[in-house]
Amino acid sequence: MAVAGQLCLLYLSAGLLARLGTAFNLDTREDNVIRKSGDPGSLFGFSLAMHWQLQPEDKRLLLVGAPRAEALPLQRANRTGGLYSCDITSRGPCTRIEFDNDADPMSESKEDQWMGVTVQSQGPGGKVVTCAHRYEKRQHVNTKQESRDIFGRCYVLSQNLRIEDDMDGGDWSFCDGRLRGHEKFGSCQQGVAATFTKDFHYIVFGAPGTYNWKGIVRVEQKNNTFFDMNIFEDGPYEVGGETDHDESLVPVPANSYLGFSLDSGKGIVSKDDITFVSGAPRANHSGAVVLLKRDMKSAHLLPEYIFDGEGLASSFGYDVAVVDLNADGWQDIVIGAPQYFDRDGEVGGAVYVYINQQGKWSNVKPIRLNGTKDSMFGISVKNIGDINQDGYPDIAVGAPYDDLGKVFIYHGSPTGIITKPTQVLEGTSPYFGYSIAGNMDLDRNSYPDLAVGSLSDSVTIFRSRPVINILKTITVTPNRIDLRQKSMCGSPSGICLKVKACFEYTAKPSGYNPPISILGILEAEKERRKSGLSSRVQFRNQGSEPKYTQELTLNRQKQRACMEETLWLQENIRDKLRPIPITASVEIQEPSSRRRVNSLPEVLPILNSNEAKTVQTDVHFLKEGCGDDNVCNSNLKLEYKFGTREGNQDKFSYLPIQKGIPELVLKDQKDIALEITVTNSPSDPRNPRKDGDDAHEAKLIATFPDTLTYSAYRELRAFPEKQLSCVANQNGSQADCELGNPFKRNSSVTFYLILSTTEVTFDTTDLDINLKLETTSNQDNLAPITAKAKVVIELLLSVSGVAKPSQVYFGGTVVGEQAMKSEDEVGSLIEYEFRVINLGKPLKNLGTATLNIQWPKEISNGKWLLYLMKVESKGLEQIVCEPHNEINYLKLKESHNSRKKRELPEKQIDDSRKFSLFPERKYQTLNCSVNVRCVNIRCPLRGLDSKASLVLRSRLWNSTFLEEYSKLNYLDILLRASIDVTAAAQNIKLPHAGTQVRVTVFPSKTVAQYSGVAWWIILLAVLAGILMLALLVFLLWKCGFFKRSRYDDSIPRYHAVRIRKEEREIKDEKHMDNLEKKQWITKWNENESYS
């Protein structure tokens, strides 16, 4: 009841017209759309079929299944479902077809049997089949042993929708009487699908509940004329066998629902043999479609080929259609998969189109048509016939959950299917498009019509409009404009043109000959006016707008009707380069009153959408500046040079030439320039009449690669006058430059095409610009020229480095490697910081820049030199340098304190140098190329944008310097770093980007005294000093230095002096014994301090 209530509410909003999404020849105008509705909750429209009754009268009907319709009086049930007949020429409701109006409650139940779940017509004058797949057979009613089996059954009706002969009636229930239970035939559900073969010979049933819902297909003879053809034994045929009942012969696993959808035809596998097509939408969890053939000997239906679905739970095979889309005589197969989904692509439902390759299906790759998300696109697929009469059948696809429901119309073509829908019908009643019927002309206009059902108890019939082709011709007199020939025709310029346009129509069928009212339209220079330019012509008495219209009547096919008018040329026109285009087009006029055909409003024809809407002719100007023979033989020549533009100024410089090809080194410039020079001079000065005439409509067409776009042009010089004009297309991929009309003899022009390089990428290696000169004058050697340039991308990367500190010291005692536990025990801290700057294009599309550091790990004898503790980065993603094991190789404990200075104060170092016993200074330079073993540390600079920095934290290995370099005054350690770019294109140019960092290492003073001078040297120096002092005293004594002077010699003579205060060095808070004596000072400055 909940479902019924819901459907009732849906019915209240149904009944409105479908809206047109994109239009072709299915008429969607309100008065031409036919609507039929059923009882609320009856599911009127669940199934549809078009039926052509020939006897006792010619009728074309729409049959509508309503599987939830109320029961007939004698069916002893509430809802049984039913079948309705709809006459589209009548405004009244559809009529219920009365059959199955009895019931035996002791042996059967028709409650919710869903009569009308499917309905099919055999064709003109043929039978009709409709089924109730939930029909129940009962046994032992009202007893404890009561059982029910859902066999399902079908009714066959004669063409007049009555039961008339032995083949008619409801005895089509082949599961009745067989083994029961769902493992066999107890849940047979015959009639979920049923159809007739197109040759009228067979009726085909699907029973998807058989054999634990494996499903089967059964084919039975349905043609009394077989006896007249001496065919006395033909079937029935069944998957698994009519008598064998061998479920192992079913070609799909359990729960596959084989027989859920059906179609058939010849020309699927063989041109002569019929093939049955059945869907199994749950086979292998995705669905399958099986091609079956008859086996005369065993009466089996055997599989010929199986199509497998590609999406999990996609219901591949929910509906199938056999149709020859390309009209090659081989039937193609269309398969719906309404629950196919693709989350990334927002796909909800799909239809697969398999184009037949002369009966060979193994290598056929299907064309997939996709629906929108959750639309159930493909729940119904139908062959709707050739609705536009172009010779290729068409299909319709339903998508009932796309908004309120949609039906997509796809046309066939010589190549198969046109994947873009030619028309989309949009419903205003919910679930529009659940069922579709077509391939029959209901309104007798020779074009098949379309019926669309919904789950909201409504059906909409769309009538097809006849498609006509209108042949259009234009003649203009005179066909060329001679500005020197003027006449008294009424035009201010004295030049007139007579324009005549004629029309005739053709259509299918050839007997379709109604008079058609059209509006003929003549227009001149339509595109020129759209671009905002004024027209050079106007029609007489039509004002300034060059447009003329006239109503015409085409009385029948291939009967011509014409219109004629005079066109005036405006005065003083400047544009004589371009011809004057004149177009003719038509519109079908709707008559004020429309006649009715078969009680239906007349459907107006529509123009073929595949035909050109307009026809055009161009009127050219007569050429001037030609030779005596009135033939212009021009001699256009072109030269080019590539250059670069300096900033935003109009200053250009030529590109360097490398191996004969200009080379563009692209850094940060945004534009390049192509200098073009065009001349028109005689090729042979001795015979100037040979060529070099005026080049009429001279034009240069420049076509640019995807990496370049047109920006502007600059005219440099021209002779004898400037008349250059360049216009680019919308995306800047082509520029048309008008050189002049005419580009006269001995003319020349030089100009720049400025091109933007914003689309040049690191993959761009060449620039090819196609240059083509055009003129309406005679010149045979105007071959296109390709301007070529090589592109080199120069990366503006630089690296700089600094060491902190740049001077360090070593000293103390030697500590073995095994004894070290933390980095503080290694030696002085040195931090190397490298800054990388990118001033050019981002590297995101190029690859990864890598900083290569030649790390001085150890000296030549294998002893440690610099111990690398840690690598950190700024402005980069998390960095991982290789080889990773070279970083903190010994796994020492990291110190987070500030670095511990091992060096002495600077002043002490200076004094130690002053008192050095050896004036010759010893030093050494350590670098990778001479005396140090280095490791290449590679650090990818991922995420590098404009700048980044890398910090390498290291320790000087103190013990190595104590053991190896304590005798030296100092050492220099050189560390080199450079950048390279991996995965770079061949045209990447990376200038040398490297740096060198120097660190100076000094020994402390104690180390220098202890290790630099032996004790015996000190002893000898002391003894030598004493000896020299004794010798000096002896010499002074010999010279009388120690004798007392006489009185007169001792008269004092005074000289004022000041003695500087003695400078005493303080060490360890004690006075040093050796005091340095200062020289006498005889002059001083008052600003100085003396004692």
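Backbone N, Cα and C atoms are what each Cβ position is placed from, and that goes for glycine too.
According to Swiss-Prot, the feature topological domain 'Extracellular' maps to 24-1011, an assignment based on sequence analysis.
The annotation repeat 'FG-GAP 1' is assigned in Swiss-Prot to 30-95 on the grounds of sequence analysis.
Mapped onto DSSP helix, strand and coil, the repeat 'FG-GAP 2' (101-166) counts 0 helix, 27 strand, 39 coil. Look at Swiss-Prot and you will find 101-166 tagged as repeat 'FG-GAP 2'.
Within the model, the repeat 'FG-GAP 3' (176-229) carries an average pLDDT of 87. Among the features that Swiss-Prot reports, repeat 'FG-GAP 3' is placed at 176-229.
Here Swiss-Prot flags 244-300 as repeat 'FG-GAP 4'.
Residues or ranges marked as repeat 'FG-GAP 5' by Swiss-Prot on the basis of sequence analysis: 301-363.
The Ca(2+) 1 binding site feature in Swiss-Prot is assigned to D324, N326, D328, D332; the stated evidence is similarity to another entry. Around the Cβ of D324 (Ca(2+) 1 binding site), the same chain contributes G267, W330, Q331, D332, P393, G412, each under 8 angstroms and 6 or more positions distant in sequence. In the three-state DSSP scheme, D324 (Ca(2+) 1 binding site) is classed as coil.
Swiss-Prot lists 364-419 with the feature repeat 'FG-GAP 6'.
Among the features that Swiss-Prot reports, repeat 'FG-GAP 7' is placed at 420-479, with the record citing sequence analysis.
What Swiss-Prot records for D441, D443, N445, Y447, D449 is Ca(2+) 3 binding site. Other Cβ atoms within 10 Å of the Cβ of D449 (Ca(2+) 3 binding site) number 28 in total over all chains.
According to Swiss-Prot, the feature S-palmitoyl cysteine maps to C1039, an assignment based on similarity to another entry. Around the Cβ of C1039 (S-palmitoyl cysteine), 9 further Cβ atoms fall within 10 Å across all displayed protein chains. C1039 (S-palmitoyl cysteine) falls within neither a helix nor a strand when secondary structure is assigned with DSSP, and so counts as coil.
The motif 'GFFKR motif' feature in Swiss-Prot is assigned to 1040-1044.
In this structure the alpha carbons, written CA, of D443 (Ca(2+) 3 binding site) and C1039 (S-palmitoyl cysteine) are 156 Å apart. Each of the binding-site residues D332, D443 was scored by the number of other CB atoms within 10 A of its CB, and the lowest score belongs to D443. For D449 (Ca(2+) 3 binding site), the nearest neighbour among the listed recorded positions (N326, D328, C1039), judged by C-alpha distance, is N326. Under the three-state DSSP scheme, D332 (Ca(2+) 1 binding site) falls in the strand class. Note on N326 (Ca(2+) 1 binding site): other Cβ atoms within 10 Å of its Cβ, all shown chains, come to 19. Each residue in L442, R444, S446, P448, R463, S464, V603 lies on the same chain as D441, D443, N445, Y447, D449 and has a C-beta within 8 Å of the C-beta centroid of that Ca(2+) 3 site, without being one of the site residues. Look at D441 (Ca(2+) 3 binding site): DSSP puts it in coil. Counting Cβ pairs closer than 8 Å to the repeat 'FG-GAP 7' (420-479), the top stretch among 30-95, 176-229, 244-300, 301-363 is 30-95. When DSSP labels each residue, the repeat 'FG-GAP 1' (30-95) comes out as 3 helix, 29 strand, 34 coil, counted as helix, strand and coil in that order.
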